[in-house]
Amino acid sequence: MDIPNTTATIATIPQAPAGFRSGFVAIVGRPNVGKSTLMNQLVGQKIAITSPVAQTTRNRLQGIITTPSSQIILLDTPGIHKPHHELGRVLVKNAIQAIHSVDLVVFLVDSSATLGRGDRFVVDLLQKTDGPVVVGLNKQDQQPPDQREELNASYETLTENHGWPCFKFSALTGEGLSNFQSALEARLDPGPYYYPPDLVTDQPERFIMAELIREQILLLTRQEVPHSVAIAIEKVEETPERTNVFAAITVERGSQKGIIIGQKGSMLQAIGTAARQQIQKLISGDVYLKLFVKVEPKWRQSRQQLLEFGYRVEE
């Protein structure tokens with residue numbers, strides 16, 4: 001994976017040819033509609049973590065798609081939901097801000113389910129933006145065959161009422177995404193390269209490492225633990241033989257620490273093994289991963305601790 005160094009890579013940004021299109025595209029929607037899966041498929045490699053747990057995405061992550069004719073910068077935003085703590089409020093605020101700071105918005109829905117209250121809440125937000133909106137009917141592969149026509153029609157009626165074009169695809173299988181990507185490109189104005197052509201994300205390597213560790217916690221632990229977890233990469237050591245990564249897992253309660261560690265350390269070992277394998281894929285080399293767990297009560301309610309964990313917190 002090509003990881004950015006902003007000051008070092010500015011000189012490598014070429015001049016765009018005539019007719020080149022570029023712009024920023026926010027992917028928004030309620031939790032668990034497949035925003036991160038869509039980002040990974042369009043970019044062509046895994047830069048955003050995925051899991052069945054709602055609010056998996058916490059930071060606004062950019063994925064960069066560069067072709068000979070365009071550069072599309074995708075913003076994978078946290079799922080828009082009713083927040084219950086300071087972290088949740090920060091996540092939703094960041095997602096809403098993205099709607100008003102991009103050239104195009106993709107409103108992503110789970111077309112295998114009926115239109116819900118969460119989707120309608122996003123629709124209400126999108127009505128307040130002046131920019132163009134397209135709708136992605138994701139999870140076409142998961143629609144019950146006998147309900148496909150009815151489900152698609154309900155979403156198409158909604159989008160037609162607002163003048164938003166509608167596209168059907170499966171982010172999981174990739175079916176329909178080629179046409180969708182072409183549609184995004186066609187809706188962008190002529191513009192420059194914003195990033196070097198070989199870059200796929202704006203996030204540093206340590207951020208991706210931390211997210212890969214958090215992903216395994218989301219996948220392997222109980223429902224009550226994932227939302228209370230934060231990861232900090234304390235140190236990365238490069239040696240000729242391998243990369244040594246030291247990471248702290250922060251939870252809010254001692255009981256959650258016990259769940260993360262598991263009986264005789266079994267859960268922590270499972271998390272570490274799975275995360276190490278993913279990090280090795282990321283950096284294409286051998287990795288030693290050392291994890292330790294600590295308790296910080298109510299860290300999600302603390303603006304200072306949210307800042308320390310790298311979340312965008314604005315007044």
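Here, residue 1 is simply the first one shown, and the rest follow in order.
In case you wondered, yes, glycine gets a Cβ from its N, Cα and C as well.
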- Kindly point out the range from 50-53, 82-85, 138-141, 162-165 that Swiss-Prot annotates with region 'G4'. 138-141
- Query: Between 29-36, 221-228, 253-260, which stretch does Swiss-Prot give the note region 'G1'?
  - Reply: 29-36
- Task: With Swiss-Prot as the source, identify the stretch among 76-79, 300-303 annotated region 'G3'.
- Result: 76-79
- Counting only residues 6+ away from its ends, which parts of the chain sit with a Cβ under 8 Å from the region 'G4' (138-141)? 33-34, 38, 108-112, 148, 168-173, 175-176
- Counting other Cβ atoms within 10 Å, pick out the least crowded of the binding-site residues T77, Q140. Q140
- Query: Three states by DSSP: which one describes G29 (GTP binding site)?
  - Reply: coil
- Out of these binding-site residues, N32, K35, which one has the fewest other C-beta atoms within 10 Å of its own C-beta? N32
- So, in DSSP terms, is Q140 (GTP binding site) helix, strand, or coil? helix
